[in-house]
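Annotated features, as they stand in Swiss-Prot:
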- 1-22: signal peptide (SIGNAL)
- 23-1180: topological domain 'Extracellular' (TOPO_DOM)
- N68: N-linked glycosylation site (CARBOHYD)
- N348: N-linked glycosylation site (CARBOHYD)
- N437: N-linked glycosylation site (CARBOHYD)
- N448: N-linked glycosylation site (CARBOHYD)
- N554: N-linked glycosylation site (CARBOHYD)
- N585: N-linked glycosylation site (CARBOHYD)
- N759: N-linked glycosylation site (CARBOHYD)
- N830: N-linked glycosylation site (CARBOHYD)
- N844: N-linked glycosylation site (CARBOHYD)
- N946: N-linked glycosylation site (CARBOHYD)
- N1042: N-linked glycosylation site (CARBOHYD)
- N1108: N-linked glycosylation site (CARBOHYD)
- 1181-1201: transmembrane segment (TRANSMEM)
Amino acid sequence: MKFIKYLLILFLILKINYFVESGVDCQKNTEYFVENSCGKNPSKLNINTDIYYFESIGITPYSPPVYNESTTNYFWYLKDGIEYTFSYRYKGCQNIKSHSIVSQGMYYQLLSQPLCPNTYFNYTIYNSGEFGGNTNYYSTPQNIISSNYNGSCTINILITPLSNSKGAFQSSAAKYTYPTCGFNNGTISVDLTKGYSNCHLFSQFDTSFLYEIEPSSPCFYSGLESNYYYLFVDSKECATERLSIQLFNVFTPLEITFENVPDYNQNSIVSLSLSSGDNGILNKTNSFATVGGTGPDPLSTWSHKETKITSTTQFGYFYNKDFSTDPLKVICSFNDGFEPQKFNPNFNFTVTKSDTCLENVTITFYPLPSQTFVVHDYILGNILPLTNNVLSVQYNKFLHISEISSNSERYYSTAFYAPIYRVVETSNGIGCWKTYNITIGEYQIYSNLTMKVYDGDEYEYIFYPIEGVFVNVPANYFYIHYKVKDCEVESIIMIDKYEEITPMDDVKMDISIYELGNCTHETSILVNIDTVFGNFSKVYSSFSNGYFSFYLPNCSCNIGFYYSIPPLIDSETFSYGFISDLDCNSTGTVIQLLGSNGNTIQEVYSNGIKLIVNNDVDTDFAYNIGPGENNVTIKYSNTKGTCYKSQMINIQSPYEVPLVEVTPVIDCDSSDGKISISNYMNFYSLDIIIDSSTIPINSGLVSNLPTGTYTIVYGNSGSCANSIDVYVPSSEQYVEITTSVISHPTCGEQSLNGDGKVNVTLKVLGIKKNTFYIQNQNQISSLTFSDGGVYIAAAPGLNTLSISYGGCIWNRDVNTTISKPTFSFEKIYNDTCLSSVYYKLINNNTNIAINSITSPYTLYSYQNEYYTQMATNLIYPYTVTWNTYCTETFYQEFTFDTPFNYYSNYIQYEIVKADNCNSFKIDIIIKNMNTFQKVTLSSKYPTPINSTHAIFKNLPPSISYDISFTLFDGCSGTEMVGYQQLSNGNTKETIDIIKVNDICNSGKGSIQLSNMDTSNHYYYVKTFSDYYVYTSYPIQPTTNDNGTIISLLSNLPVGSYNITRNCKSITNCYIETKVVIENKDPIIESISVTDSYDKLNNGTAEIKLNYNSTYPINFKIIGTQLSNQNGIFSNLPPKTYEVQVTLTDRMCPITISQSFTINFKTSPTPPPLPQDPSDELSTSSFIQLNILSLLLISIFTIFIL
């Protein structure tokens, strides 16, 4: 019992001593204050006491504490409008102190989240008045910016609806029509059958909603003028909606007829007229037409105005709102524009050629008055001179013809007698492993016939034909070079058989060192590749690792590979020389490294210690070395930094230095560290620098030193002084230091500050110390923390903590691991019309307190919550700062998708082409007008046809039209219409074309044009050229025997041809027809037979082909010995035969066969012979002879019997 009593007394004494020593008053409230926010940032709860004096401290609802580097105290972020409980317990105390905290920052509250995009809702801004009052507001969902009474605080909040697909607009219940200027006939209506009621309409300028506009009938408003309106309407699914409606003035469509538009820089004749809309109120007496500008400049007549049409030309009309002719009245003015940038002006020239290459090609241009033609040699780039619009140019030129005023162009080739060719794939390979035979027709007439290809390294390879056939050439661009007839200049045509993909299944590769390099010479790599084309090898040179490309010769195959260069070896040898005074005993011996050989010294080490360049010496590569033996390692590289090596040399420094012995600090309070120098007698002078003061060292001993690094200055004469640094450590014998990781860092690198927390406990001579200093020696900008024994900026990895108490310093290594936080923006709302998608930053890391977020793009913040809105696909960068010391930039890809798609085909339409170019007009009929609030084309509104159809009439010529529209839900877009329909022309006319395909790749295809109107039109043929551009040339018409104008394009090889007819008087009035000349194999066109008479075997057969080859054709009847080269067979007995026809033509080496039958034909009965005496005698004698023979045969038979 006494023992327990003594223990209890001892416990009370120790407890009393603890509280006396710590000085903690368990009943005292800690000092704190609330820093109220100003809208954007959250409020803060600040404390004036170090957090580590508490056993526990925090707020509920939970928020992590944040370190304030400027005050060295902690704070907590508070969300305004929330009541927090602030609780804490001092160390050594049992009682928990609690306080209720409510910040008074400016914030907002919703009664409920709005239901639909236009729901009219109420929200309250708190603490926005001069004395903390609150203000109620009404709005529709949007990003709301609101300021307090004096504008010193601004709040930025994002209100999103629960649904973006519901509402009066979204369901097409709310509709409106635009008023015609001056008529006040606009309407706004709501379909009450769709669940809507209680409509109220106000002008948007009536901000207090005092003057309601009365409806004509429930929820139908008529007689409205151009204005901005608010329509309020109730429904169950959206509560009260406030619809914002803007009614624009529309105009009676202006119809423009272009009677003559030869070129948009020349005068053209146009006629203008109004449609029959608006009940015929507008007419030519109370409205005035204008051409050529935007201002009122009335014409004397509405038609036949000559003007130059340019990109700024305006056609329009105006009238007074009261339809009077008083010029001082307020007017309605409409203008429509013309878009010549979409047109090509007429471009006419003719070409005259001869059959000899010795004469030039003549090209004659026929420009309009404003046109100027310039011709360039496409290959050489130089301008070719024109004389009176006539160009005389050699054959074998590729011309670029441009027209200056319109910035339009054509290409034309004068290649002479381009060969006909046939391409046949000869392999089953894929990708670039394909091979081809290219057969040149009539190759005998060409000289210097070669084919050139270029590999990826731009080396030229030449193939030569075998009897006009380039055999098994690999996939690539083939350039056929040739001379023909009397041409001295080489012509070139190109055949595109390039294949980009290189399959690697059958490729074997061997890479080896061909020649090992060094720091001045690259290493050479020998690459051997075994492919379907054979074995290839190539040498590459490089200093460093890299990705290489092996382009196989001749073909388009490209084999990539990566190779690592082995460490390069250099034979560099370094020497050194002493620079410092040899008579001055010193550790500051300076050496100069010699023999750099153009290499760059990276680092120099002596006995494992990195040497610093001596900048006080006027020479390169000078370093200080220590006394005695120095094993110096030199690390160097070549000038490109691709070759690294190290070399070691031994340098002996002859100088003597102080021999030092150090006694560590044991008593931290008295700092009893010592430095003793045993050879102090050998120096002329010997001093120590303490706190910037130089103190002589007497008898070689310095005492009462705290832990630290000291500089010993010594010299052997009065003119020479040098120094060494000596570190006095603290004794580890009487200290206990324990470290533990409170929390691992969430950011940082080893040399930078992190946010990890490390607890340090220090006992000296068995006594726990509560106040000491901690630094991290591994960090560049080291922080010092003196309270609580906690280091709060630990970085990932090794943290060498320097713990200072009194005159002692100890180092402890603490390893931490990083636990990086993750942040992400999550989509919270898609608005209806693709204008924005809203995202909110999600922070799921409970140990993270965000200090701030920045981004180069839109970013909203409210109460430490962050939002952004996007209207496109992009990689979104944002920089987050958290837990005071952490900053990192994150990237998130935003993929933009919303219900509305600008590029969908919303408009259903029909293009009505012009009848012809003499009465040119194009109409566009909109077939689903009931799905749009508004449809316009160049500010023009269509003329209604009925409830679903409307028409844009008499449109100017174009290759397409951009129609703008607004849907009932408010979404707007622009759609290009007509491109496909007008790509083959913009009139209803056609060109009569008769096509004859090529046979046997002979280049004998043809295109015949008839019903040609050369008085009003130009005709062109356009085909793909050898230089990836279209070659155009005019078609020359002829007149046939019937007086009809026709044109026959003959001797056409296989290919695509665009036949274009351009109008002479109307710009861009054209017809274009694509004609494809295909290759067809010859066929047996006919077999003519003559049947055979009985037993005479006199049948005949004649076989004819639809192709006359210049090469022999072999005809053979299978199963017989009959064969020839003309296809005519005779003396054929009746039966069925099969003829086989073999063509030896190189352009189509084929065999075809067909059966035919020689039928049996009975001989006809001979006619009666004439009855003259000689005939009778002969007949009688013949009969008598027969009777006698018969009698003899009978007698002989009887005799035998």
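In case you wondered, yes, glycine gets a Cβ from its N, Cα and C as well.
From a predicted model like this one, the values you see are computed outputs, not experimental measurements.
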(request) Please tell me which one of the glycosylation sites listed here (N68, N437, N448, N844, N946) sits closest to N554 (N-linked glycosylation site), measuring Cα to Cα? (result) N437
(request) Going by Cα-Cα distance, pick out whichever of the glycosylation sites N437, N759, N830, N844, N1108 is nearest to N946 (N-linked glycosylation site). (result) N830
(request) Measure from the Cα of N348 (N-linked glycosylation site) to the Cα of every one of the glycosylation sites N759, N830, N844, N1042, N1108, then give the nearest. (result) N1042
(request) Report, in whole Å, the straight Cα-to-Cα distance of N437 (N-linked glycosylation site) from N448 (N-linked glycosylation site). (result) 19
(request) Calculate the distance in Å between the alpha carbons (Cα) of N437 (N-linked glycosylation site) and N1108 (N-linked glycosylation site), and round it to a whole number. (result) 24
(message) Among N437, N448, N554, N759, the glycosylation sites in question, whose Cβ has the most other Cβ atoms within 10 Å in this structure?
(response) N554
(request) Between N844 (N-linked glycosylation site) and N68 (N-linked glycosylation site), find the distance joining the two CA atoms and give it rounded to the nearest Å. (result) 23
(message) Considering Cα atoms only, can you say which of N68, N759, N1042, N1108 is the nearest neighbour of N830 (N-linked glycosylation site) among these glycosylation sites?
(response) N68
(request) Measuring CA to CA, name the entry from the glycosylation sites N68, N759, N1108 that ends up nearest N1042 (N-linked glycosylation site). (result) N1108
(request) State the Cα to Cα distance, in Å, between N759 (N-linked glycosylation site) and N68 (N-linked glycosylation site), rounded to an integer. (result) 19
